[in-house]
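Right, one structure below, let's go through it.
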Amino acid sequence: MSNTIDNLLHEARRFAPSEQFAANAVATADLYERASADRLGFWADQARELLHWHTPFTSTLDWSNPPFATWFDDGALNVAYNCLDRHVLAGNGDRVAIHWEGEPGDTRTITYAELTAEVKKAANLLTALGVRAGDRVAIYLPMIPEAVIAMLAVARLGAVHSVVFGGFSAESLRSRIDDAEAKLVITADGGWRKGRVFPLKDAVDAALQGGDTTVEHVLVVKRGENEVAWTEGRDLWWHDEIALVDADHVAAAFPAENPLFILYTSGTTGKPKGILHTSGGYLTQAAFTHKNVFDLRPESDVYWCSADVGWITGHTYVVYGPLANGATQVLYEGTPETPHPGRWWELIEKYKVSIFYTAPTAIRSFMKLGRQHPQKFDLSSLRVLGSVGEPINPEAWMWYREVIGGGETPIVDTWWQTETGAIMVSALPGVTTLKPGSAQVPLPGISIDILDEAGVPVGKDQGGLLVVTEPWPSMLRGIWGDPERFKETYWSKFGDKYFAGDGARYDKDGEIWLLGRVDDVMNVSGHRLSTAEIESALVAHPLTAEAAVVGAADETTGQAVVAFVIIKQNQLEYAESIDVAAELRKHVSEQIGAIARPREIFIVNELPKTRSGKIMRRLLRDVAEGREVGDTTTLADTAVMSSIQSKLS
Ligand code: WTA
């Protein structure tokens, strides 16, 4: 690791904004000045400029009861109204909100007026199904317009959505439904992925099997046309029901701190955390960052963020940021390589995408496929590129700029988390001289520092732990139903400074380089996975006695899941007769989802443990990455590692 860091910090390439870009940029250097002169006043100005408030706020931040913050507390607004109605009222109803493209090539073009009309109907439908402010609605949909419509309809009613990524299993869906006590599930029969329909309704049925659930209804969008089972009285077709409701719906105002959504993310224990976001502060920072980091001109830009709405990036930069800003965007259902490896580039050419936001793992897999694919398409409409999800290595950054960005576009490397709600650290494209591989500087109004273990700020050219030192508008407001875990996870290490769980380093100029997680959270293809969660899935299998999971470096996905498993004594004979690794990989898919499936599973006799019984993952990571095994002196039994290695070779 330290070798890589040294290499990174020697990265000397620098790219200043072109004069023309800088002269026309949406965000200028005076934002930093305004924010540092009066941080809270700056955010209050942003909230007033970027959003419509039904009731204006007078108080900006209340931090009298840390770590529980409120922002714009006495104001009231409607999040969906801000994303829809007000654009129509301002005369922009004919602007395209969504250029949707299905994987098989079918398309829908939806203007702001049409999207507003759809959301009004959906809000009436949800009301008819008993959804009221504060109720939770689970959304388990493919990347179709109804995913956006459903989220906004829930928001319009002041209810709370919990979007569950369609790649998660029935088990994962169930635990999220139960934790949030959702009363309604919105799903589809199926969606298109890699040239095939993957069923979603089946997983909902499996999740709800046996009853004993808070769910009263399942609303099903027809998309895949695949056969589905039907539970009379519980299941309803979206298209049938939506035809019956009124078209008119007046958006009521809700307090700024009204919960907007819960989004589950992996933590260091087996149980995912329900990260809670509220309305006014979240939408302010979503809109501010989307406008300034991406240099957005809503009248002329075509924006595309490739994230699924099941992740925070999809929440903030597919739904809330772009729609609050009245942007035109592309929404694509499928995978990048279907039906051909140039599909994304084809879409950029077709819709003349000017701002493109994706993850380093995608860029690295395109690099592997070769530049001949993007080169078949005209990508000259692109003018800003973004990256999110994990550190982007300088080689991938350079390829992104040269091959996709025509050697000219600025690249913003944006650091943030599910918990931060919106971008926190990033260059501003018309202001910052770019450094490949570094997320660089805190945004205006955001206070970041790097501390050592004792909580002392480190200096230039030094590394430590990334913290946010002042509350920010889109910060998480808690973990659903678990205030103690909220305090313990983020606020117990450094008092009232938010501990992000990432290692970071200042370079000689005092700019920030992210170095990856410092806890037992892995980052696979930009998705957070918990070692503990996968371990508990593995030991839930009847063959498994014990399991240890590590994130091993992977050229394409950043990290990959590698598992070490001990088989139960009485199962050894049976295990000999089957493909154990395949069986366990399938099991993890069923328990959590395909994204958590280990790349490799090693069957071993023992695991390396300290005298106090803690698994030494560091040594397993050495094995998984094919390195010489490091210091083993703290092992209870120093022979374990040679026993493991002899099993593998
Ligand atoms: C990592 C995704 C380096 C980091 C928005 C963080 C990054 C975790 C970057 C959050 C970046 C995200 N550079 N690392 N630009 N962006 N990360 O909650 O480890 O899915 O803690 O949010 O991803 O992942 P999450």
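Think of each number as a place in line: the chain as shown, counted from 1.
Note that Cβ sites are derived from N, Cα and C of the backbone, with glycine treated the same way.
Since this is a predicted model, take the numbers as computed values, not measurements.
TrEMBL has this to say about the protein:
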- Arg193, Lys194, Gly195, Arg196, Thr313, Ser525: CoA binding site (BINDING)
- Gly389, Glu390, Pro391, Asp413, Thr414, Trp415, Trp416, Gln417, Thr418, Asp502, Arg517, Arg528: ATP binding site (BINDING)
- Val539, His541: Mg(2+) binding site (BINDING)
- 29-83: domain 'Acetyl-coenzyme A synthetase N-terminal' (DOMAIN)
- 89-480: domain 'AMP-dependent synthetase/ligase' (DOMAIN)
- 533-614: domain 'AMP-binding enzyme C-terminal' (DOMAIN)
- Lys614: N6-acetyllysine (MOD_RES)
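Distribution of TrEMBL features across the structure.
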residue: Arg193; record: CoA binding site; DSSP class: strand
residue: Thr313; record: CoA binding site; DSSP class: helix
residue: Gly389; record: ATP binding site; DSSP class: coil
residue: Thr414; record: ATP binding site; DSSP class: strand
residue: Ser525; record: CoA binding site; DSSP class: coil
residue: Val539; record: Mg(2+) binding site; DSSP class: helix
residue: Lys614; record: N6-acetyllysine; DSSP class: coil
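Restricting the average to the domain 'Acetyl-coenzyme A synthetase N-terminal' (29-83) gives a pLDDT of 98.
Neighbours of Trp416 (ATP binding site), defined as other CB atoms within 10 A of its CB across all chains, total 25.
When the recorded positions Arg193, Lys194, Arg196, Ser525, His541, Lys614 are checked against ligand 1, none has a Cβ within less than 6 Å of one of its atoms. Summarised by DSSP class, the composition of the domain 'Acetyl-coenzyme A synthetase N-terminal' (29-83) is 25 helix, 12 strand, 18 coil. Close to Gly195 (CoA binding site) in the fold, though at least 6 residues off in sequence, lie Glu103, Thr338, Pro339, each with a CB less than 8 Å from its CB. Thr313 (CoA binding site) has none of the binding-site residues Thr414, Arg517, Val539, His541 nearby, counting only those with a Cα within 10 angstroms of its own Cα.
Taking only the Cα positions, the spacing between Val539 (Mg(2+) binding site) and Lys614 (N6-acetyllysine) is 16 angstrom. When other Cβ atoms within 10 Å of the Cβ of His541 (Mg(2+) binding site) are tallied across all protein chains shown, the result is 20. Note: the Cα of Arg196 (CoA binding site) and the Cα of Gly389 (ATP binding site) are spaced 27 Å from each other. Close to Lys194 (CoA binding site) in the fold, though at least 6 residues off in sequence, lie Gly334, Thr335, Glu337, Thr338, each with a CB less than 8 Å from its CB. Of the residues the record lists as binding ATP, namely Gly389, Glu390, Pro391, Asp413, Thr414, Trp415, Trp416, Gln417, Thr418, Asp502, Arg517, Arg528, the two whose Cα atoms sit farthest apart are 18 Å from each other. For the pair formed by Ser525 (CoA binding site) and Trp416 (ATP binding site), distance between Cα atoms is given as 15 Å, rounded to the nearest Å. Ranked by CA distance from Arg517 (ATP binding site), the recorded positions Arg193, His541, Lys614 have Lys614 at the top as the closest.
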